[in-house]
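Notes to accompany the following structure.
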Amino acid sequence: LIKEIKAAVTIPVMAKARIGHFVEAQILESIGVDYVDESEVLTPADEDHHINKHNFQIPFVCGLSIPRGAPPPAYRRGYAGHDTGPRVRKPSTGNVVEAVRHIRSVMGEIRLLRNMDDDEVFAYAKKISAAYDLVMQTKQLGRLPVVNFAAGGVATPADAALMMQLGCDGVFVGSGVFKSGDPAKRARAIVQAVTHYSDPDLLGRGEFGLGEAMVGIIVRMRRLRGTPIVLNEVI
């Protein structure tokens, strides 16, 4: 199937491998995929070890899908030789709130790190069982030293622009395009939104004529404590 897809398209092709299954990754590299997704949505092959990316020539991505998402798992997993880096993601639901929560938590933790002195950085790295040089590099850069993509729940051009303005380097969109009313138009509009994410006039024009957004989401209403604001939640 992967070979058929590569023969049919000119865009880069990404394929999934199970966590820790380096032989699957070797096979994917040998048949010519452009990226390997060491995917947390598949059943892991190895619960204790991730694939050593230094043994491969192609870039990898991995998921940063954790409660209150924060850098520690990114240090322990995302920097094990990832050329492309971690992505902030949740399974596709059409609800962008999970991706927003994750990237805000990650960026908030990095802001705290930037205010630490060297001794505090050393203690922090030890506390989270991460390599000191990677933690210090993050402090100096003011960001993760790998590219950071948003994925999961991005269903509109405005969603994509939101994730970019929150600090992501790019956006992965699958179901948000292919489960929409007009996939081709929506994909084109989302690409434009990522490119021109700080231009509200262009973003506004891109929201029209896209057909129905991703459907099939069951939501419930939740009132924020102490406010009149009501949120939709995925059940």
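Just so you know, the numbers here start at 1 and follow the chain as drawn.
Each residue, glycine too, has its Cβ placed from N, Cα and C.
In sequence order, Val36, Asp37, Glu38, Ser39, Val41, Leu42 are the residues near Lys16 (active site, schiff-base intermediate with D-ribose 5-phosphate), counting only same-chain partners six or more apart with C-beta under 8 A. The annotation active site, schiff-base intermediate with D-ribose 5-phosphate is assigned in Swiss-Prot to Lys16 on the grounds of similarity to another entry.
DSSP gives Arg104 (D-glyceraldehyde 3-phosphate binding site) a helix state. Counting only residues at least six positions away in the same chain, the Cβ atoms of Leu166 sit under 8 Å from the Cβ of Arg104 (D-glyceraldehyde 3-phosphate binding site). Per Swiss-Prot, D-glyceraldehyde 3-phosphate binding site is recorded for Arg104.
Taking all protein chains in view, 25 other C-beta atoms sit within 10 angstroms of the C-beta of Gly153 (D-ribose 5-phosphate binding site). Under the three-state DSSP scheme, Gly153 (D-ribose 5-phosphate binding site) falls in the coil class. If you look up Swiss-Prot, you'll see Gly153, Gly174, Ser175 marked as D-ribose 5-phosphate binding site, on the strength of similarity to another entry.
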